[in-house]
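Annotation comment: TrEMBL describes 1-31 as signal peptide. TrEMBL lists 40-55 with the feature compositional bias 'Basic and acidic residues'. Here TrEMBL flags 40-64 as region 'Disordered'. Here TrEMBL flags 68-175 as domain 'Glycosyltransferase 2-like'.
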Amino acid sequence: MHCCLCEILLLLAGLAALLLTLLLIVAHVTAKKMPNLHRSEEEKYFTDSKGKKEPFPSIHDPPTKDLSVVVPSYNEEERLPVMMDEAMEFLEQRQKKQPSFNYEVIVVDDGSRDKTTEVAFKYCKKYGSDKVRVLTLKKNRGKGGAVRMGVLVSRGKLILMADADGATKFADIKNVEVGLEKLKPWPDQMAISCGSRAHLEKDSIAQRSVFRTFLMYGFHFLVWFLCVRRVKDTQCGFKLLTREAAARTFSALHVDRWAFDVELLYIAQCLSIPVAEVAVNWTEIEGSKLVPFWSWLQMGRDLLFIRMRYLTGAWKIDTSGKLN
């Protein structure tokens, strides 16, 4: 009996090793070696408030703004105005109190099928294209791809990622700014401050089904086990980066969809970029693009492949300090 049990365990271990080997091979062979930084000719330009085409700058240019806010938007014609009204009011009030403060908001239309670009452009006409710019992508890239395209054309010393649904109150930028300041001195001017909903987890569990709670804990475990150890909530879409940290991480980012935050923080971890996690106010807004089961399944697959592709060398991080 004991021998039979040992044989079964050895067989299972062998099968597990074989499966892991196959997954490593698949992850390596199917990996796109370089990040997708390609832009179509149209994506290299924005339309100013007078209807004239102007070229976007580059993240590698010297900064000319104190803050850039990048807003990834996919079919957000209904939810975007609420977020933009709140953000613009806050930023305009800050500018009145601090006349030297300047900013820009970059709305990235991720290949929407609705009037997201038209809605965003109304703010460009109202506030001017020096403050609000719209980057319309020809095809849907996914949230990570949209954020990356916005970051790579930003002008700010600091760059904030903010979701179009307005789930995080824009005034909480003060919280992530404090988190960033506490990380000083920043090594090579690089630091990241992440908004976090971890403090709301107990309340949210009470409102979730057992199945969704199981998926959430499973995802958190995979993030911790495979990629990121020091951040509890990797998925909150409210993150503040120094320009240098944004340039280094987003130039190396491969994942275009929901798990891009995890790869972003994994790259930061590998580059020893200091990361703060700061509590923010968050409200669930109707109209989420996240389909619970299938999106979690896709994210789980992406997490596994992130770790395997870096492990096998299919994806590499340039630790020399040079930018692409």
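All positions are counted from 1 along the displayed chain.
Just so you know, glycine gets a Cβ as well, placed from its N, Cα and C.
Automatic, uncurated: that is what TrEMBL annotation is.
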(request) Count up the helix, strand and coil residues in the domain 'Glycosyltransferase 2-like' (68-175) according to DSSP, in that order. (result) 45 helix, 25 strand, 38 coil
(request) Count the residues of the compositional bias 'Basic and acidic residues' (40-55) that DSSP assigns to helix (H, G, I), to strand (E, B) and to coil, and report the three numbers in that order. (result) 3 helix, 6 strand, 7 coil
